[in-house]
Amino acid sequence: MSTADTPRPARWTRRHLLGLQELSPVELTQILDQAAEFKRLAAAGEQKLDSLAGSTVANLFFEPSTRTRTSFSLAAKRLSADTVDFTASGSSLSKGESFIDTALTIEAMGVSQMVVRHSSAGAPQLLARHVKCSVLNAGDGTHEHPTQALLDLFTIRENRGAIEGLTVALVGDILHSRVARSNIWGLKKLGARVIVCGPATLIPPQITELGVEIRHNLDEALEEADCLNLLRVQFERQRGAFFPSISEYAHLFGMNGDRLRRARKDVLILAPGPINRGVEITPDVADGPSSVILNQVTNGLVIRMACLYLLHRAQLEAPAGDATGKDLS
Amino acid sequence: MTTLLIRGGRIVDPATDTDAVGDLFIRDGRIADLPTGEVTADRTIDASGMIVCPGLIDAHVALREPGFDEDETIRSGTAAALAGGFTTIGCLPDTNPPVDNRASAEFVTLQAERAGNCHVVPLGAVTKKLAGEELAEIGQLIDGGAAAFSDGKRPIANSEVMRRALQYTRMFGKAILHHPQVPELAHGGVMHEGHYSMLLGLRGIPAAAEEIMVRRDIALAEDTGGHVHLMAVSSRSSIDEIRQARERGVNVTADVTPHHLALTDESLQTYDSHYKVDPPLRPRDHVMALIDALKDDTIKLISSDHQPYASEKKVCELDLAPSGICGLETLLPLCIGTLIRSGHLSWPQFISKVTVGPAKLLGLAERGTLAVGSIADVTIVDPDVEWTINAQAFQSMSRNTPFDGRTVHGRAQYTIVGGDVRYECRENVGADAR
């Protein structure tokens with residue numbers, strides 16, 4: 001690990017985790033180190049800890065999700081928290097009750113942390129202005145998905161020792177990807193070079209203002225990349241045809257065995273999942289030796305434990321009202 | 001005979017090229033010559049230190065009645081207008097049912113008369129049910145009082161329909177107030193497409209959505225000789241097109257809103273739906289282009305684009321919230337801040353944009369001026385009084401403003417409609433203490 005020299009803050013002070021945009025490199029590293037500690041404890045047989053005993057974590061999923069919800073739920077249980085799950089398909093307004101009222105109702109049951117997944121960008125920010133508990137963004141529209149990016153960072157660091165100096169290519173539907181936005185913030189802050197690669201219709205040109213490079217040719221990006229993060233084509237978020245056909249997309253931007261042979265020998269293949277086999281990635285690559293896709297899932301658990309743990313600590317250690325100002329927009 | 005004397009104010013009337021300290025005399029609801037000798041009146045207002053100008057006119061506001069009375073009624077909206085210094089407002093037809101026939105136009109006028117606040121001139125729908133397909137009964141709407149035509153925030157996407165509408169309204173010398181936007185480019189968009197939309201993961205509306213429609217409308221106005229008025233333009237390139245078209249003599253006018261002058265798309269970083277407006281807030285370079293267009297008179301009108309919404313509609317996820325700001329009660333201080341105090345416009349230049357410009361657009365011959373014999377609609381403004389915008393104190397039924405809590409300067413102290421003092425600001429002692 002390359003973090004030994006990094007000065008740590010005295011304590012974690014944020015009440016909410018809304019995105020990686022607002023986190024400092026030190027804070028990012030703090031989360032990764034905490035996750036590494038949980039992973040070490042688990043390997044040593046300490047699967048269950050009592051850090052959050054007596055507190056309740058609510059999972060508010062206003063958008064369908066299986067893996068993220070399960071991962072958060074399990075992470076909370078590993079820390080001995082009680083959990084409540086709320087799932088609503090589509091908009092909360094379709095049921096007549098507003099999103100805020102739903103959240104306030106759940107909070108009134110005695111919740112100390114709220115994990116929120118929502119199809120609207122900014123929903124966790126809106127929530128954080130209305131509730132007293134901690135808000136943890138589990139993916140908001142096409143904005144951010146901080147814990148997914150953190151587990152990507154963790155997996156890269158675990159495999160390559162450090163993030164700094166690496167070239168990471170994010171491939172696919174950048175326009176509609178919250179994973180891409182969070183990854184760009186996290187990777188750039190920790191010193192990586194970032195390339196985004198995909199069809200011109202799915203890459204906002206202003207993205208270069210974040211210090212990333214754009215490629216529209218996967219084979220070019222492939223030659224330079226230490227890591228490839230193959231993002232899913234978000235068919236459900238698109239409002240029309242952004243490219244002519246799936247087969248054309250797979251032809252131009254799909255990762256297959258042939259392309260893998262032209263990549264660097266030690267290239268890491270990541271994918272946030274769920275993967276569309278045969279579109280972004282062929283099975284031989286997804287299941288091959290370069291793929292760390294299942295390691296990502298495993299690491300997601302300790303990352304979410306670390307986030308829940310640090311936010312809980314901030315609540316315990318902060319004098320009333322203290323930890324609120326920093327991250328409330 | 002009733003008389004009102006407004007004494008010692010700075011009288012600014014761009015219509016008569018007046019800017020001088022003096023007295024204004026009103027007799028029986030009309031501006032009158034100042035009597036010679038010792039002047040006495042039924043009521044005297046001391047306006048020293050204040051600006052006395054023609055009553056402000058807003059060319060288009062949404063009053064929501066009938067159909068959306070939870071947001072605003074004609075009574076509450078006209079009360080808000082008075083508090084903002086407005087004596088006449090053009091009322092958009094996008095109600096339910098819409099104002100697309102004579103009876104509905106007369107309903108608006110009647111409700112406004114019952115409310116007894118400011119004058120309301122209805123804008124008739126351009127197309128039946130605002131559907132953009134068939135022309136509404138434009139001639140009969142004019143007989144019912146319609147001053148101009150608009151489909152509100154619904155762009156008339158069909159170019160052939162727009163062409164016919166411009167040809168047809170030309171017959172009556174009436175303008176079409178159009179929301180220039182290509183619907184398919186704006187569809188589902190929440191904010192200006194650019195750096196911040198990329199950053200925030202919010203669906204963007206490209207500036208081209210406005211610019212393409214501005215160019216089309218100019219081409220159709222040029223072709224037909226009809227008068228197209230582009231509402232709430234916001235893009236730099238739109239301004240360039242309008243400026244060039246006006247130089248060629250095309251019958252095109254446009255207005256801008258205070259919020260497009262006071263805010264940029266950067267504000268959306270808060271994900272606060274109060275910043276969601278249509279057209280969307282733009283980056284600084286577009287804002288500067290709007291200010292330049294006001295300075296060189298390419299744009300002759302400022303409108304509040306008052307779009308009130310009940311709080312439960314606005315306080316929600318950004319992509320579900322409707323677009324719009326409750327603007328009547330904040331236009332004056334926002335313009336004073338962004339245009340006058342910042343040195344871009346003089347008082348006469350600014351007042352022209354909210355009196356002469358809209359009066360001309362709506363064809364209101366006896367309003368927007370303090371010329372002797374015209375209707376005595378007068379606004380008295382304290383130009384310097386410092387106050388804090390408090391949405392809870394709005395006369396409007398709605399509170400959707402991003403300016404709540406902002407400290408501003410300048411406020412209407414008296415709003416006089418037809419010689420009758422209909423509004424007196426009681427919140428600031430500034431006026432009386434002078």
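Here the Cβ of each residue, glycine as well, is placed from N, Cα and C on the backbone.
Annotation comment: TrEMBL describes B:Asp305 as active site. Classification of B:Asp305 (active site) by DSSP places it in coil, neither helical nor stranded. Take the CB of B:Asp305 (active site) and look out to 10 A: across all protein chains shown you find 30 other CB atoms.
Every protein chain shown contributes to the tally, and the Cβ of B:His60 (Zn(2+) 1 binding site) ends up with 27 other Cβ atoms within 10 Å. Feature annotation from TrEMBL assigns Zn(2+) 1 binding site to B:His60, B:Asp305.
According to TrEMBL, the feature Zn(2+) 2 binding site maps to B:His179. Within its own chain, B:His179 (Zn(2+) 2 binding site) has B:Ser150, B:Asp151, B:Gly152, B:Lys153, B:Arg154, B:Pro155, B:Met231, B:Ala232, B:Asp278 as residues 6 or more apart in sequence whose C-beta sits under 8 angstroms from its own.
Residues annotated as domain 'Dihydroorotase catalytic' in TrEMBL: B:50-237.
Annotation source TrEMBL lists domain 'Amidohydrolase 3' at B:342-409.
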Please classify the secondary structure at B:His179 (Zn(2+) 2 binding site) using three-state DSSP.
coil
Could you measure between B:His60 (Zn(2+) 1 binding site) and B:Asp305 (active site) for me? Cα positions, answer in whole angstrom.
6
